[in-house]
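For reference, TrEMBL has these:
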- F:Arg86, F:Gly124, F:Thr125, F:Arg126: phosphate binding site (BINDING)
- F:10-140: domain 'Exoribonuclease phosphorolytic' (DOMAIN)
- F:154-218: domain 'Exoribonuclease phosphorolytic' (DOMAIN)
Protein chains: 6
Amino acid sequence: MRPSGRAPDQMRELRFEPGFTKHAEGSCLVSFGDTRVLVTASLEERVPPFLRGKGQGWVTAEYGMLPRATHTRGSREAAKGKQSGRTQEIQRLIGRSLRAVVDLQKLGERQITVDCDVIQADGGTRTASISGAWVALRLAVDTLKLDVDPIMTQVAAVSCGIHGGQAVLDLDYVEDSSAGSDGNFVLTSDGNIVEAQVSAEGATFDDESLLRLLRLARIGCGEIFEGQRRAVGR
Amino acid sequence: MRPSGRAPDQMRELRFEPGFTKHAEGSCLVSFGDTRVLVTASLEERVPPFLRGKGQGWVTAEYGMLPRATHTRGSREAAKGKQSGRTQEIQRLIGRSLRAVVDLQKLGERQITVDCDVIQADGGTRTASISGAWVALRLAVDTLKLDVDPIMTQVAAVSCGIHGGQAVLDLDYVEDSSAGSDGNFVLTSDGNIVEAQVSAEGATFDDESLLRLLRLARIGCGEIFEGQRRAVGR
Amino acid sequence: MRPSGRAPDQMRELRFEPGFTKHAEGSCLVSFGDTRVLVTASLEERVPPFLRGKGQGWVTAEYGMLPRATHTRGSREAAKGKQSGRTQEIQRLIGRSLRAVVDLQKLGERQITVDCDVIQADGGTRTASISGAWVALRLAVDTLKLDVDPIMTQVAAVSCGIHGGQAVLDLDYVEDSSAGSDGNFVLTSDGNIVEAQVSAEGATFDDESLLRLLRLARIGCGEIFEGQRRAVGR
Amino acid sequence: MRPSGRAPDQMRELRFEPGFTKHAEGSCLVSFGDTRVLVTASLEERVPPFLRGKGQGWVTAEYGMLPRATHTRGSREAAKGKQSGRTQEIQRLIGRSLRAVVDLQKLGERQITVDCDVIQADGGTRTASISGAWVALRLAVDTLKLDVDPIMTQVAAVSCGIHGGQAVLDLDYVEDSSAGSDGNFVLTSDGNIVEAQVSAEGATFDDESLLRLLRLARIGCGEIFEGQRRAVGR
Amino acid sequence: MRPSGRAPDQMRELRFEPGFTKHAEGSCLVSFGDTRVLVTASLEERVPPFLRGKGQGWVTAEYGMLPRATHTRGSREAAKGKQSGRTQEIQRLIGRSLRAVVDLQKLGERQITVDCDVIQADGGTRTASISGAWVALRLAVDTLKLDVDPIMTQVAAVSCGIHGGQAVLDLDYVEDSSAGSDGNFVLTSDGNIVEAQVSAEGATFDDESLLRLLRLARIGCGEIFEGQRRAVGR
Amino acid sequence: MRPSGRAPDQMRELRFEPGFTKHAEGSCLVSFGDTRVLVTASLEERVPPFLRGKGQGWVTAEYGMLPRATHTRGSREAAKGKQSGRTQEIQRLIGRSLRAVVDLQKLGERQITVDCDVIQADGGTRTASISGAWVALRLAVDTLKLDVDPIMTQVAAVSCGIHGGQAVLDLDYVEDSSAGSDGNFVLTSDGNIVEAQVSAEGATFDDESLLRLLRLARIGCGEIFEGQRRAVGR
């Protein structure tokens with residue numbers, strides 16, 4: 001039995017609130033249960049220096065957590081003067097995941113910066129971020145009214161792990177902090193894998209576990225893809 | 001005529017959503033029109049080193065702005081590795097304002113850290129922060145169920161300025177960026193001033209203007225005090 | 001009775017020593033009693049990036065305190081690797097105050113950087129800085145021999161506060177550290193206000209106090225304006 | 001055909017030179033072909049603050065690359081004043097991998113810091129680091145002559161990827177920079193997985209590819225385990 | 001002929017103004033011609049962590065240059081967020097030079113921090129700093145009224161160099177920036193050398209030049225020692 | 001008797017391994033006994049901003065120490081976020097020493113960056129760095145096949161000191177940490193001095209000692225020059 005009473009392959013309640021803020025070209029407040037992330041996509045008609053004159057665009061991401069998004073207050077990274085290794089790892093993952101489904105040539109010489117700021121954390125902030133980021137990105141690209149669509153497929157992410165010997169989907173904080181091993185899967189809506197990453201946390205795992213987690217991820221992402229489509233009105 | 005069509009002494013729509021996040025001892029999403037700030041109050045049973053063993057508590061504040069809270073994306077302070085002078089100035093003001101209405105002896109050896117994070121900016125983020133901070137602080141202190149109340153009065157803040165030759169209350173971004181002079185007033189619910197700060201922005205001003213702005217601030221804060229009381233159920 | 005024996009509306013001894021250093025286009029060692037600040041104005045025939053090609057100049061300020069300017073040694077900001085919030089707040093105020101009396105169009109595409117370094121501190125370092133900065137600025141602009149004078153009026157600053165229930169002018173360190181509330185007023189020689197900023201420090205205050213402090217500031221700044229004029233030979 | 005002429009499941013030449021430096025309790029210069037990493041394990045009889053008094057030890061890792069380890073000189077992280085996100089991601093992975101095979105209780109209140117410094121880079125620096133780190137760790141722990149061995153199994157890592165449509169083992173720089181997708185596998189000598197991480201780089205991938213890469217990783221790690229055993233004389 | 005018209009073995013005008021600031025236990029404004037450095041010595045009844053409980057004291061130094069001490073304004077190190085290599089090199093030299101003439105055991109568990117801040121620079125700021133630092137140190141130690149004097153001898157420093165083929169003493173900025181080689185000598189009043197450091201700047205030099213510079217340094221330091229004695233009234 | 005059993009004027013075993021790494025235009029692993037430094041020279045066809053368009057090149061150096069190059073592990077400068085004063089002092093010295101023997105006009109608009117990374121430290125890391133740097137520089141310049149040779153002479157460095165009352169050559173760590181005074185001499189192969197720097201460490205010294213150390217340095221550098229020539233095949 002999971003602490004939350006959910007079935008092993010049951011996601012938490014998903015919610016996408018598109019257009020949560022008014023200034024950003026695309027925005028979305030995404031909730032995976034009590035995990036809530038505000039995502040904005042900012043569009044600029046210029047590219048970073050390393051891409052100038054190459055006829056292609058760029059998509060990048062930044063991630064942050066409000067100090068009291070967590071059970072006990074964490075220190076503010078701006079006040080400490082640097083981003084933690086965890087923060088950098090997550091924002092690199094988000095950027096990679098989005099670029100995997102965007103044709104940068106078709107985007108043209110533009111940069112889209114996706115900011116994922118965790119308002120409330122209860123496990124799975126990086127997967128919620130990626131899933132919400134696609135919605136914000138989609139909305140921002142829609143404002144361009146381009147002839148060819150630079151977004152190739154949807155992308156979504158979900159965490160899975162071995163908790164109490166059982167493979168479970170979409171871990172919340174309680175499960176996450178006591179899982180033997182857990183991972184994050186980033187999948188595309190046409191059935192491919194963008195990123196699969198599973199780590200032992202106290203207990204190593206075998207090939208079968210890896211496959212079982214991947215199967216759960218496919219179930220979860222299917223549900224997320226549907227939510228994303230409803231959120232962007234497609 | 002003000003750009004927004006408001007009367008000179010008319011506040012924007014005020015909204016306080018107490019309990020916006022679940023982990024913080026006190027929290028509030030405060031809106032002054034389109035300016036929206038998420039405030040959390042975090043309670044810790046310890047004091048900073050300079051107060052250890054002195055039998056009193058401490059209240060402090062931190063302030064931040066999400067990168068895309070503004071019209072164009074600003075760079076993330078955590079990524080730049082330092083807080084701007086503006087950020088530091090604002091968080092010092094918020095802390096001072098709250099401490100002015102808290103009896104630190106009665107609070108006991110506890111620290112309350114108030115985080116004000118601007119979700120969406122449209123002028124007056126510091127005054128919305130102070131006004132919402134009081135609500136979060138009140139809710140956090142209420143969880144302590146103390147015999148004597150360390151909070152002496154309410155505190156609220158509002159901006160006023162000379163715009164188009166006219167003294168106006170609660171400037172939005174459009175007014176703020178073209179005001180001849182503007183200021184922020186932090187007032188207590190028993191009629192006193194905690195902070196009065198007025199600056200020339202392009203046009204210096206005279207004593208009468210200072211007094212007129214202060215009168216407007218009294219009107220605005222009166223309205224805010226009422227909203228705060230409803231938000232905390234008093 | 002004030003700790004120093006001064007009358008409530010009595011300034012400390014003022015001294016301006018223009019030309020204190022030889023390299024700067026303008027310089028001044030300003031003393032408000034034992035508070036001594038070395039101010040230099042550095043003129044450059046270029047403007048910061050955000051003003052390039054706009055046909056106007058810029059005036060900005062930096063502030064610092066020598067480590068042993070104070071009773072006990074403070075740590076060196078260059079060694080700590082960052083400027084405190086207080087330092088940044090002060091240097092922003094000095095810059096704003098100077099720009100309020102300079103016509104940046106008439107200055108032309110030039111930048112003047114005013115450095116205020118506190119040699120010895122005894123309260124009122126920011127007001128002494130502003131008052132001395134005008135002298136350094138005036139001297140630096142004089143070297144340009146421009147046809148039209150970009151400096152519109154004099155600007156001076158003084159602190160006032162409620163100490164022992166009494167409104168007093170130009171607080172020294174002893175008064176400053178025990179005042180119920182205090183503030184800084186930046187005034188122009190043609191009778192206007194550039195900045196009025198009063199904060200409660202332990203005791204909130206009322207409208208009458210604010211006005212009384214402003215009246216004292218007018219007396220103090222009158223005296224400073226005279227000292228400035230003598231210093232620049234006008 | 002691979003650029004290097006290797007068979008798809010062929011590792012580059014492996015070399016472990018234990019005891020490469022004299023001060024460290026354990027050290028090893030590990031080579032995966034032209035990729036060369038100097039690993040040292042430093043033993044201290046104290047633990048980090050968060051573990052004090054908990055009766056257990058800690059293993060952590062740091063990673064760096066000499067500026068000219070690469071084809072063109074990269075800037076020195078110490079000079080830039082911060083470690084890149086990539087550096088932090090890698091050193092977190094190395095630490096996690098080592099801790100997965102160490103019984104921290106049996107290690108006792110000691111800390112082992114493993115430094116992995118890349119002398120020459122030709123792809124696969126993180127997997128060479130992990131593989132060499134186990135040797136340095138083993139040698140350092142041997143100096144303790146403990147009754148019970150805190151090291152549970154060997155741990156090794158290797159990269160695999162899809163290059164030119166073919167799954168290949170142990171990518172060198174040329175393959176790495178043109179692979180459609182690639183990943184790193186960290187395996188234990190008793191057949192379990194510590195970390196599996198595969199990312200799309202330009203081309204997403206399917207479940208079969210993931211399994212094929214895992215199979216290749218088992219082949220490569222088998223060879224590494226043998227090299228490690230020879231290096232530590234077991 | 002030297003640019004300044006001085007004889008090769010002629011110092012610039014020396015001036016020591018002891019007691020220049022009121023808060024420091026010892027202070028001195030030292031001038032070597034137009035080079036002016038404000039030195040303060042701050043006494044604290046505690047030692048740095050690495051010396052705790054060892055029954056000895058410590059003397060350390062910090063060095064800074066006001067932004068407009070030089071011909072053109074340099075950027076403020078506190079604003080840049082770090083001290084330059086030059087600054088650090090100089091403050092390490094000052095600290096070493098002072099410790100060479102202090103018996104740290106006799107000083108007892110105290111720390112003296114000497115701050116050298118360059119008000120105006122015209123060559124030789126490090127040698128003026130060391131020479132003035134001894135005066136501030138002497139005055140600070142005198143306030144302790146110790147039974148045994150921890151200061152063993154005087155220490156002074158002067159620069160020498162080969163300019164226009166001629167060995168000259170106490171280089172000013174003009175000479176310094178065009179010297180073929182130059183150096184700094186730190187000598188004690190009992191005839192010994194604390195530090196001798198000569199560098200080629202464009203032209204390497206021979207043994208005889210080294211000796212000639214050392215002889216000049218002895219002449220210069222003799223004069224400085226006399227000035228120091230007068231300044232401290234001995 | 002020296003701790004190592006060496007004669008007073010005896011160098012440690014010298015070794016230069018040119019071409020130690022494959023990417024750099026020039027490289028060398030230099031050993032002075034147990035002190036081992038990896039030096040690489042990186043050639044770029046561009047100059048730093050301050051030299052653009054001046055028709056000359058630049059040579060600069062960076063220095064680092066691997067965390068466990070020393071007896072006990074030192075913290076990683078990249079992780080601390082800044083280079084120590086010692087590191088900066090050393091890298092400035094290396095750069096100056098190399099530039100003293102290079103005709104920057106003849107080098108043309110190119111920059112050579114020499115990286116000296118200490119693999120193992122046993123005293124004399126800066127002198128080994130300079131001596132090895134010349135080899136790497138020579139090899140890098142050779143790849144240019146220029147008509148005129150920009151390298152004017154060889155440059156080498158060695159440490160000398162007064163240990164146990166005796167002047168000794170090429171101090172190892174044991175001697176270095178207990179020497180009364182020690183210094184570093186940078187000499188050219190045509191008999192001139194680039195830098196002479198001797199510091200008292202506990203005991204001041206006299207003119208004769210300075211000369212004796214210089215004589216020893218000439219002996220040591222003679223041996224180094226020969227080793228350098230063999231290493232570069234001249």
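Note that Cβ sites are derived from N, Cα and C of the backbone, with glycine treated the same way.
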Extent of the phosphate binding site in Å [max Cα distance among F:Arg86, F:Gly124, F:Thr125, F:Arg126]: 13
List of residues, in chain order, with Cβ under 8 A from that of F:Gly124 (phosphate binding site) and at least 6 apart: F:Phe32, F:Thr35, F:Val158, F:Ser159, F:Asp170, F:Leu171, F:Asp172, F:Asp176
Number of helical, extended and coil residues in the domain 'Exoribonuclease phosphorolytic' (F:10-140), per DSSP: 45 helix, 41 strand, 45 coil
Which same-chain residues, if any, lie at least 6 apart from F:Thr125 (phosphate binding site) yet have Cβ under 8 Å of it: F:Thr35, F:Val37, F:Met65, F:Ile90, F:Val118
Shell of the phosphate site beyond F:Arg86, F:Gly124, F:Thr125, F:Arg126, same chain only (C-beta within 8 angstroms of their C-beta centre): F:Tyr63, F:Ile90, F:Val118, F:Ala121, F:Gly123, F:Thr127, F:Ala128, F:Ser129
F:Arg126 (phosphate binding site) CB neighbourhood, other CB atoms within 10 A: 23
Integer average pLDDT (0 to 100) for the domain 'Exoribonuclease phosphorolytic' (F:10-140): 96
DSSP-assigned states of the domain 'Exoribonuclease phosphorolytic' (F:154-218) in counts, ordered helix, strand, coil: 16 helix, 30 strand, 19 coil
Sequence-distant neighbours of F:Arg86 (phosphate binding site) in its chain (C-beta under 8 A, six or more apart): none
